Every structure is written in C-alpha cells, then in structure tokens.
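Per Swiss-Prot, the feature ATP binding site maps to Gly12, Ala13, Gly14, Lys15, Thr16, Thr17, Arg120, Gln155. The Mg(2+) binding site feature in Swiss-Prot is assigned to Thr16, Asp32; the stated evidence is sequence analysis. Here Swiss-Prot flags Asp34, Arg58, Gly79, Arg139 as substrate binding site, drawing on sequence analysis. The region 'LID domain' annotation in Swiss-Prot covers 112-126.
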Amino acid sequence: MTQTIFMVGARGAGKTTIGKALAQALGYRFVDTDLFMQQTSQMTVAEVVESEGWDGFRLRESMALQAVTAPKTVVATGGGAVLSSENRAFMRDHGRVIYLRASAAVLAKRLAEDPEEAQRPSLTGKPIVEEILDVLASREALYQDVAHHVLDGTQTPSLVVEQILQMLTGEMVK
C-alpha cells in the first residue's frame, strides 16, 4: 500500500503524535498541514486568522491539504479540514482516512498541557471545554462521514498505531 493516510479529529486528538509514529512504522513521510501552512505562509495560525479571518485560514488549509498529498505520506489534518465537503471528498478519493476520536474532557486536558495550543485563536470565544463540546457536536458527523476507520484516540499512541497497521494489512489481504 502506498496511498496517503489522512488523520482527522479534533485539536488534541493525537493526529500529529500518532501520525508521526505511524509514518515511522510504515517508512512513510509525515506532514502536518498546519505546520506546512505556517512554513509556506511565514505566519502562525493566529496571524493568518487575524489578517485573513477564519475563511482565509480554511482556504489555506485546503490548499495545504492538496499540496502535501502524495504516495507514502501520513497527513495530520487541521481539526476543521472536514468542514469543507471538497476536503472530505478529496481525502476519501486520495487515500485512507482515520478518525481519532476522543472525549471533550480528554481533549481539554491535552490542550491545557500543550503550550503551543495556547497560541491558537478561539473558534467560539468560549472557555476551552465549552468550545470543545460545541466543536465536537458540530463536527462529529463530518468526522464519521469522511473516515474509513474510527479509532479511540485516548489509547496509547503505540496501541493506536498497531491497530492502524492491522487494519491496513487487513485491507491489503481483501
């Protein structure tokens, strides 16, 4: 199997951590679309949102998603990449999509422990747990819709990677 593997889920679900470990296990390249966008635009997410608004950020996110998609690549997408029906169709058409699911409580705890997440602008202006609950409520169906596989992102990264490898191996056998 050489197709792109897309990791989707909310902020803090483990897309980058698990994506890096998965890429290493497969001998694939790893790309985080948020980091790619920051490097190519020379702006942080907060700066893009401040200067171009969330619509501008989402447009850049879509362009980054398409730019990094390549064989033998694991892509950690931004949490909101699924908001675009074009992005959802693109990911399903160009690879395997894995949704890392986690509860609002787990996500809030992880985000509170990550100093980089403090730099990220709020989507709603609400406290973090409330915002996560709102975001999950609005995106859960989209994550489910786009995903070929749904996994529990609260497990250890090594266990999740092992589960993904087993699923991918099972797909090759079929």
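Just so it is clear, glycine is given a Cβ too, placed from its N, Cα and C backbone atoms.
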Just to verify a number: CA distance, Thr17 (ATP binding site) to Asp32 (Mg(2+) binding site), in angstrom, no decimals.
10
Among Lys15, Arg139 [binding-site residues], residue with fewest other Cβ within 10 Å:
Arg139
What is the maximum Cα to Cα distance, in Å and rounded to a whole number, among the residues Asp34, Arg58, Gly79, Arg139 annotated as binding substrate?
18
From binding-site residues Gly14, Thr16, Asp32, Gln155, the one whose Cα lies nearest Arg139 (substrate binding site):
Gly14
Going along the chain, which residues six or more apart from Asp32 (Mg(2+) binding site) have their CB under 8 A from its CB?
Lys15, Thr16, Gly19, Val75, Ala76
Where Asp34 (substrate binding site) and Gly12 (ATP binding site) are concerned, what is their Cα separation in Å, rounded?
13
What Cα-Cα separation, expressed in whole Å, is found between Gly79 (substrate binding site) and Gly12 (ATP binding site)?
9
Measuring Cα to Cα, how many Å separate Gly14 (ATP binding site) from Arg58 (substrate binding site)?
21
Please report the number of other Cβ atoms within 10 Å of the Cβ of Arg58 (substrate binding site).
19
Within 10 angstroms of the C-beta of Ala13 (ATP binding site), what count of other C-beta atoms is obtained when all protein chains are considered?
25
Count the Cβ atoms, other than its own, that fall within 10 Å of the Cβ of Thr17 (ATP binding site), considering every protein chain shown.
18
Proximal but sequence-remote residues of the same chain as Gln155 (ATP binding site) (Cβ under 8 Å, at least 6 apart):
Gln163
Round to a whole number and give the Cα-to-Cα distance in Å for the pair Arg58 (substrate binding site) and Ala13 (ATP binding site).
19
